[in-house]
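Have a look at the structure below, then the notes.
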Amino acid sequence: MGHDLADIKKSFEASLPGYVEKKDPKSILPQPGKRNILITAALPYVNNVPHLGNIIGCVLSADVFARYCNLRGHQTFYVGGTDEYGTATETKALQEGCTPRELCDKYHAIHKGIYEWFGIDFSHFGRTTTDHQTEICQDMFLKLHKNGYTSSQSVDQLYCNQCEKFLADRFVTGTCPMCAYDDARGDQCDGCGKLINAVDLKDAKCHMCKATPEVKQSTHIFLSLDKLQQKTTEHLDRELAKEDNRWSSNAVGITKAWMKLGLDPRCITRDLKWGTAVPLDGFEKKVFYVWFDAPIGYLSITKCVLGDNWTKWWKNPENVELFNFVGKDNVAFHAVMFPCSQLGANDNYTVVNNLCATEYLNYEDTKFSKSRGTGIFGDAAQGTEIPADIWRFYLLYMRPESQDTAFSWDDFVLKVNSELLNNLGNFINRALSFVANSFGGVVPEMNLTNDDAEVLSEIHNECMQWDKQFDGVHLKDAVKTILNVSRLGNQYMQAQTPWVLMKKDEEGKKRAGTIIGVAANIAYHVSVLLYPIMPTISATIREQCGLPALPLFTPFPICYLKAGHKIGQPSPLFQKLDPAQIAEFKAKFGGSQDAQSSAPKTAEKPKQQKKQAPTKDKKGDKKMASTAAFVELEQGAKVISQLIAQNLKKFDQAKALFTRNQLQRLDGENKQLTIDVKTLQHQLIELETAAGIKQVPKPVVSCTPTPTSTPASGIITEAPKKEAPSTPAPSEPKKAKEQKKGKGGAAAAPVDDTIDVGRLDMRVGRIIKCEKHPDADALYVEQIDVGESAPRTVVSGLVRHVPLDQMQNRLVVVLCNLKPAKMRGVESRAMVMCASSPDKVEIMEVPADSKPGTPVVCPPYTHRPDEQLNPKKKIWETVAEDLKVSAEGFAEWKGQPLLIGSESKMTAPTLRGVHVK
């Protein structure tokens, strides 16, 4: 949409699109003429507590997408639950001294409570231990059996003589036969991701007792995946050929790799008691294996709430779009295994249309581990008293869509305090408080001008992007788009200065009323965009606006709050996170509490000497007594020494932790003070401007100092000018003589040859177009706008690190004064700046409102970029040695942050302490 004022006014004054209705799940059925969206989140094992990685990987991502679908008015049914059958449950029940049913009841309630606290809004959250599960699972199997897609054969299995049972694959560990990973499970290797048979493991061990199992034979049923490969391939090819398919890139890659290797018959039964019984003679003591049984849980859980109407969702492929949300380790089961079962049953099942898989979310620089005390689990997140919506926001901001990411407390604080508190929360409170304080809480009359049309048009463009991102399941990008909208709102208010206009004549006050009315409506529109991400905050904003109903999404920020509308009571949406409290959380969840492992062991008592026969030699008795006493004292001294050493170690650990926490607290307070000072400066300028005090810009001295003119303080001083002598000084006859001439014969300014970051020409750029290099599989060729008359061609080796779709229309930082170089026949005229480790490369990020061509500077080093860096002088190589990502994620050179323009910083998404190059 352009900035035509008449069109903008028409759109702004359009009628409301309707409201989102809260429906009884029993009434949610597919409807003709509507998009009917069926959403599933991978069913978690019921024997554990979900951590943040589990939550973002499936249930939260699916919840956000379901909420978006409801905002768009689609018929949406969202299914979730707990996977309760299998060896994992049996084993956990043994460990906890209860029955499998009791264990399932306990953990189902735990999962349900955690998801409710996180605001996960399932249409129904069920479980797999139901009669409906048995009925549908057995029915699908019997149809597969009848259609000739099953077989039986004796197989080698691992049997633990010590536990007296066949071992399920997940309860055998050993060395992977394919990649030699030494902690592979018996069903799948976490090292290479390939499925394996437990009997093929090297150095296999029973997970329960650590004994070495032996191989025994048992007769099992196999699903003939080889016979079903053609059907499944045809279905997958049709889905992936659709231009609007929403398969994540990792799901596509994993699926294609599986199909390319070819499918083999796979065992679907196990020697267990806790599971869905096999309805065939001779197999009464066996149950279905979890990979066959668990996905059927989606169907049975749907039947638990809809009854016989479950088939309207699950046997209706012509009218239903199925979206599966899974972690990358679940792709094969949802893309290959389960579709094979459905297609082989030949019962018109709704088969996967869109598979949305995430990579892994790690914790800081390690993995989530309940046993090691590392990472945040769902129940612990509640205990922090940080609201659930804050967790939702950060998890979605860091959603691992194309590569593994990591939860970082430092980044968590940064994003919450900067993006939520200072950006989004500041704008909402600012706009609504102005209505409350200057207009008595009543929305003023609005008469739009071209300035208003411009911001509304920009927000309309962002909202179109938001809709496209959500529809394509690019949830992380959608979060950043919302922040862009609130940033535009802040910039609009700042540029229009309604607080100044309020002090002018009647026309000025009317103009201020228009600005504040538009800002208040933008704030309400932000609440709609925010609903899928932060539903509670969205509701709070709508209540403060005095219009709590949730409208359907419209891409244009229409006038929800008409002139004369009475708003509610504005109040701050977010509280600043306290660095001291965060330091406590870092210690608590960092696995530093090793009290059990460091506790002193109980000292063994010295063995008593056997009583000697009585003797008359009293001297001998005394000698023996003194010897025994010496032994006891010596052993006691050793125990005391051990206790002292252990306590000293614990003291040193506590001291180090205390010191680290104090430093982090002081660092956090210092950063917050810097933000507070800037905020107060900004408020002072506003007040002085409102009072009519003229603002005089701070003078800037442009000079190029010599190395000696920059003192240690970093403040650049200009040396007093001297008249040039008529003849060169004796000490430097050549320098004066050889000084280069500028244009017109004038002497050029002295050149500072000091090698530092100021000689780099780094700028913000926007990738206009990116495509694969025609002659190199590992290279991209980008056209990047760096603020010049034409875009630059840049070749980057990012194919293995960043998907092609994420390279389009992306803001980057570009080094522009390297010598152009040909890379496989294409000349590259710049370099995209990335955080780089041996295993991972991330493009450095800049604020979404950054403009192409904006220079990247590093005060106090003078920005004086060479026209082209001389390769012989190794300027780039020298500077690059100290160009790194800080512990907080900022790019810095020798400890000084690199700034976009003069304020914002360039950041790495997850990498810390690595080089930028």
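Cβ from N, Cα, C; glycine included.
The annotation ATP binding site is assigned in Swiss-Prot to Lys370 on the grounds of similarity to another entry.
As annotated by Swiss-Prot, compositional bias 'Basic and acidic residues' applies to 614-623 (among others).
Per Swiss-Prot, the feature compositional bias 'Low complexity' maps to 702-713.
Annotation comment: Swiss-Prot describes 732-741 (among others) as compositional bias 'Basic and acidic residues'.
The domain 'tRNA-binding' annotation in Swiss-Prot covers 756-857.
Annotated region 'Disordered' per Swiss-Prot: 591-623 (among others), in sequence order.
Residues annotated as region 'Disordered' in Swiss-Prot: 702-749 (among others).
Through the fold, the motif ''HIGH' region' (44-54) approaches residues 82-84, 86, 88-89, 91-92, 103-104, 107-108, 110-111, 114, 127, 327, 360-363, 368, 370, 375-379, 381, 391, 395, 407 of its own chain, all at least 6 residues removed from its boundaries and within a Cβ separation under 8 Å. Swiss-Prot lists 44-54 with the feature motif ''HIGH' region'.
If you look up Swiss-Prot, you'll see 367-371 marked as motif ''KMSKS' region'.
Note: the domain 'tRNA-binding' (756-857) comprises 7 helix, 45 strand, 50 coil (DSSP; helix = H, G, I, strand = E, B).
Note on the domain 'tRNA-binding' (756-857): mean pLDDT across this stretch is 91. DSSP labels the residues of the motif ''HIGH' region' (44-54) in these numbers: 3 helix, 2 strand, 6 coil.
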